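Quick look at what TrEMBL lists:
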REGION    1-55  region 'Disordered'
TRANSMEM  158-175  transmembrane segment
TRANSMEM  187-211  transmembrane segment
TRANSMEM  223-241  transmembrane segment
TRANSMEM  253-271  transmembrane segment
TRANSMEM  308-324  transmembrane segment
Amino acid sequence: MQRTAYGRTPPLHHPVPQHVSTVPQLRSPPPPASQPQSGYDGSPYPQQPPVGAQAGMHNMFGPYGNFINDPAAQLATQFGQTAFRQGQEYIEQNVNRFVNVSALKHYFIVTNSYVINKLFLVLFPWRHKPWTRRQATGPNGQDAWYLPPRDDVNSPDMYIPVMSFVTYIFLQALISGLKGQFQPELFGYIATIALVAVVVEILGLKLGCYLLSISNESQLLDLVAYSGYKFVGVIVTISVAEIVNGGKGTGGWIGWAVFIYTFLANSLFLMRSLKYVLLPENNNDSRGPMQTMHPLDSRAKRNQRTQFLFFYSYPVQLFFMWLLCRS
């Protein structure tokens, strides 16, 4: 009897893949070619070119990228700078014939605190003291000059008159626009009236100073500055009257009341401020610009100057302020 063999195993069949996929073999990239200027830093990746080289490789301006480095462009730039400098010098030389630019800059040295205090002084001059201008003395004790407006509230400036002049023009144009009467020619009309008023006033002042033998180093610029302060009162009068009267103008008792107040305030301000120009003190001190009157001037001439100052501060200001408010 034969015994069945149980140790025999059936043959094994391994599965065969239907889709053959190849696995890529990972290889390290070759090191970059060695350069004599720089050594190999150990990185297996190629080094990036510098930013300047990339900008040069990708020049978005094309052939115009190096325009600044072009000798012709540099020559044109130098020529333009030279022409501008020569033109500026020519303008300064010709302007200085009529207006001292360095002296004019003195009137624009202002600060925010000065502007606020000066506006308050123009509108409320009743209790202000003192009215004399402050002076600075040089190291030798002989040379003296007036302090700029930034350091002296009694010093005249050009900033407030100029800004008030421009504000007056725009305010009148705005009121005309609110009434439906605005036209582009209105700017020129208003500016002409205001400018003519200032010019006539200054010419009258200069004529009076000439007849009364009044001279001052900075007299013209001082007079121009003081003649422009009236626009502050005119602006206040027009604004308050238009608001209270409902756009009916400066008529009515409220408008006239505000006008009379601003007129009196401006007149007193001019009387006190122009005293050092038209009524200089008689002293033998020859330092500084305050010496505008000879010590031997008679009392009669001083009385004439006082009358001239009063006439300018009250009747003249009354006429011009009324004209500006009604225009």
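The backbone N, Cα and C atoms fix where each Cβ goes, and this holds for glycine too.
Please treat TrEMBL annotations as automatic predictions, because they have not gone through curation.
Keep in mind that this is a model prediction, so the values were computed, not measured.
The stretches the transmembrane segment (158-175) and the transmembrane segment (223-241) are in mutual contact, each linked to the other by at least three Cβ pairs under 8 Å (pairs 6 or more apart in sequence).
Beyond its flanks by at least six residues, the transmembrane segment (253-271) meets 121-126, 226, 229-230, 232-234, 236-237, 240-241, 244-245, 309-310, 312-314, 317-318, 321-322, 325 of its own chain at Cβ-Cβ distances under 8 Å.
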